[in-house]
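Peer 1: Have a look at the structure that comes next, please.
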Amino acid sequence: MCMTSPDQLTASESADTASAHKRVLVAAPRGYCAGVDRAVETVEKALEKYGAPVYVRKEIVHNRYVVDTLAERGAIFVDETTEAPEGAHLVFSAHGVSPAVHKEAEALSLKTLDATCPLVTKVHNEVKRFARDGYHILLVGHEGHEEVEGTAGEAPDVTHLVDGVESVDKLPEFLHDEKLIWLSQTTLSVDETMTIVKKLHERFAHLQDPPSDDICYATQNRQVAVKAIAAESDVVIVVGSQNSSNSKRLVEVALQAGAGASYLVDYAHQIDESWLDGATTVGVSSGASVPEILVRGVLEFLDARGFHDVKEITTAAEKITFALPRDLRPART
């Protein structure tokens, strides 16, 4: 048998040897959650039932590919309710809207379909209940996010936004006999939220915790899955849009959990090949509003660059589904 030293390997043999050590760890769960699946299907079914155009207030979910695909099918996305013509069909996005927006739509005789995620609706109901019971509400979330605007709009006079640890000291004083509770946006980093809540408790000794967790199961599951692959990954690529809160949180979680680097991309072609320089293990995940076809595109991109060994790391199984708005459910026979 003829033995060949490493420096005598042919170019193709050297490439094969290098590729043999390259691997991809794919986080699971990833991608679509039950709320996003319901919201996207709401628009699809509305187009089937009523025909184009169907108007959608804001992006139905925060994903460029999904929005563009639905627009090609006849959905028209508008920033404000008043941009939809009187009497049109209008879908409210998965992020929810305030009572003022509902009234605005009613005044325009719009035929509304509410695609708000049921887990967001749960937080809306908590705000209404605690406001009715005389509480001040500290809402942990990101200023300007549609979900936060809709949730705070349920009781704007008693809801105070907490956008980061640094904002805790900017909150007004609350007397000890004033009832005080914190709630949160559903798509936040679990670890960051707990850091903020710890600071809130330090400042307000009488602050109450909510009866149940507001950060949704899908957000938590995707963060746990990313943590499971991050420490072994030279780089973690998260598929998701820049305006997606939960996708951006996955990048942050990956870095905090030990990834060498982490990047957010909408499409595989946005990956800078320099990110892979020297990398032997690449982690891949996707936000809750990302269809699996975009993840497959990233895996194909990596495969073409020698990352042939693909292993899925599963930390939870998701079986939750949500019913469509009543007007779009199949008729009972």
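Residue positions begin at 1 at the first shown residue.
From the backbone N, Cα and C atoms, a Cβ is placed for every residue, glycine too.
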Peer 1: Do you know which of HIS62, HIS124 Swiss-Prot groups with HIS95, HIS145, THR186, SER244, SER245, ASN246, SER289 in the (2E)-4-hydroxy-3-methylbut-2-enyl diphosphate site?
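Peer 2: The one candidate that Swiss-Prot places in that (2E)-4-hydroxy-3-methylbut-2-enyl diphosphate site: HIS62.
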Peer 1: Neighbour count, 10 Å Cβ-Cβ cut-off, for HIS95 ((2E)-4-hydroxy-3-methylbut-2-enyl diphosphate binding site): what number do you get?
Peer 2: 28
Peer 1: Taking only the Cα atoms, work out how far ASN246 ((2E)-4-hydroxy-3-methylbut-2-enyl diphosphate binding site) lies from CYS216 ([4Fe-4S] cluster binding site), in Å, as a whole number.
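Peer 2: For ASN246 ((2E)-4-hydroxy-3-methylbut-2-enyl diphosphate binding site) versus CYS216 ([4Fe-4S] cluster binding site), the Cα atoms are 10 Å apart.
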Peer 1: Give the sequence-ordered set of same-chain residues, not counting CYS33, CYS117, CYS216, with Cβ within 8 Å of the centre of the Cβ atoms defining the [4Fe-4S] cluster site.
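Peer 2: Residues close to the [4Fe-4S] cluster site, other than CYS33, CYS117, CYS216: ALA34, GLY35, VAL36, ALA94, PRO118, LEU119, VAL120, THR186, THR187, TYR217, ALA218, THR219, ALA288.
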Peer 1: Between the Cα atoms of HIS95 ((2E)-4-hydroxy-3-methylbut-2-enyl diphosphate binding site) and GLU147 (active site, proton donor), find the distance and write it as a whole number of Å.
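Peer 2: Roughly 5 Å, rounded to the nearest whole number.
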Peer 1: Within 10 Å of CYS216 ([4Fe-4S] cluster binding site), Cα to Cα, which of the recorded positions HIS62, HIS145, GLU147, THR186, SER244, SER245 are there?
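Peer 2: Cα filter at 10 Å returns THR186.
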Peer 1: Tell me the Cα distance separating CYS33 ([4Fe-4S] cluster binding site) from HIS62 ((2E)-4-hydroxy-3-methylbut-2-enyl diphosphate binding site), rounded to the nearest angstrom.
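Peer 2: About 13 Å separates the two Cα atoms.
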Peer 1: I'd like the Cβ neighbour count for GLU147 (active site, proton donor), meaning other Cβ atoms within 10 Å of its Cβ, all protein chains included.
Peer 2: 24
